[in-house]
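Undergrad: Take a look at this one; I'll ask things after.
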Amino acid sequence: MKSPNLCSSLFLVLTFVSVIVSGSENSFEIQSFDEGYTHLFGDGNLVIQRDGKAVRLFLNERTGSGFVSQDLYLHGYFSASIKLPSDYTAGVVVAFYMSNGDMFEKNHDEIDFEFLGNIRGKDWRIQTNIYGNGSTNFGREERYNLWFDPTDDFHQYSILWTDSRITFYVDNIPIREFKRTAAMGGDFPSKPMSLYATIWDGSDWATNGGKYRVSYKYAPFISEFSNFILHGCAVDPIEFSSKRCDDTSSPEQLFAFVTPSQRSKMVSFRKKHMTYSYCYDQTRYKVPPPECIINPAEAERLKKFDPVTFGGGRRHHRLHGKRQHHSQSEADSI
């Protein structure tokens with residue numbers, strides 16, 4: 001039986017080859033819901049469709065809903081096509097994320113895609129976040145607008161997690177690459193995690209710091225999921241030893257996760273669509289966190305976008321609740 005570390009190294013080579021050669025999620029096997037997931041909560045608010053190839057999650061006044069992977073994974077590539085609820089969605093949160101909070105209550109890890117609903121006429125916002133070793137008081141959030149309407153059709157959202165970096169993708173375009181540094185200590189996610197998808201009421205914070213709450217006259221809110229990919233190293237939940245792992249030739253150092261073309265698209269995406277990054281938030285951090293690499297052009301753009309948060313200035317009017325980050329007008333496509 002291979003150790004998790006060896007399994008991780010072998011998997012990295014496979015991931016590198018697949019992503020570099022194909023540049024597409026199509027190189028990974030798409031599973032049915034029952035092959036990889038199980039119902040988490042919500043009773044009848046989870047509905048399986050298309051012979052098990054798609055799932056609808058409902059939020060109504062009674063409850064939200066969610067599902068979870070059957071296995072724990074130590075590193076891998078995890079993906080799903082998601083269509084978000086339309087119309088008035090203030091306070092509604094759809095999440096696609098990895099976590100081990102049910103096993104490590106005080107020192108859990110987490111890798112998040114969160115979709116934050118909005119009032120009619122405004123764009124859905126997407127947020128990524130990373131926690132390691134229970135560092136929940138130290139947010140590593142980034143927020144973005146999208147170059148499409150995520151309620152019109154399905155779009156692919158993916159997480160690539162290895163022992164040295166985490167990459168978030170939207171429709172195979174990397175939007176964020178988070179590298180592990182020695183200065184982070186144990187704050188990089190390093191323990192096996194499950195994959196989750198949920199829809200729930202985030203009225204207290206999700207839309208303008210809680211100013212706009214869920215209005216159930218627009219319920220039910222429906223999020224749809226399909227094209228499930230769970231491509232990683234599954235581990236035993238008791239012993240944390242490998243249950244299943246891919247075999248390949250001798251491992252070699254993984255030196256890149258994205259192609260030059262993808263990297264160019266990532267730079268373009270961040271320039272056009274990123275509206276918040278914790279690395280530049282001077283109201284939260286007087287000194288940027290140790291893993292942050294400050295890009296002067298990025299810093300200047302965000303400062304012009306929000307001079308208080310990113311320039312260290314003072315607000316003239318006190319805001320209630322969490323910080324507000326006003327969404328940009330719809331940006332040009334990549």
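Cβ from N, Cα, C; glycine included.
OK, TrEMBL features for this one:
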ACT_SITE  GLU110  active site, proton donor
ACT_SITE  GLU114  active site, proton donor
COMPBIAS  313-326  compositional bias 'Basic residues'
DOMAIN    19-225  domain 'GH16'
REGION    310-334  region 'Disordered'
SIGNAL    1-23  signal peptide
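I would like each feature placed in context: is it buried or exposed, what are its neighbours, and how far apart are things?
TA: Counting every protein chain shown, the number of other Cβ atoms lying within 10 Å of the Cβ of GLU114 (active site, proton donor) is 19.
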Undergrad: Return the residues near GLU110 (active site, proton donor) by Cβ distance under 8 Å, restricted to its own chain and a separation of at least 6 in sequence.
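TA: Residues satisfying the criterion: TYR97, MET98, SER99, ASN100, GLY101, ASN129, ILE130, TYR131, PRO189, MET193.
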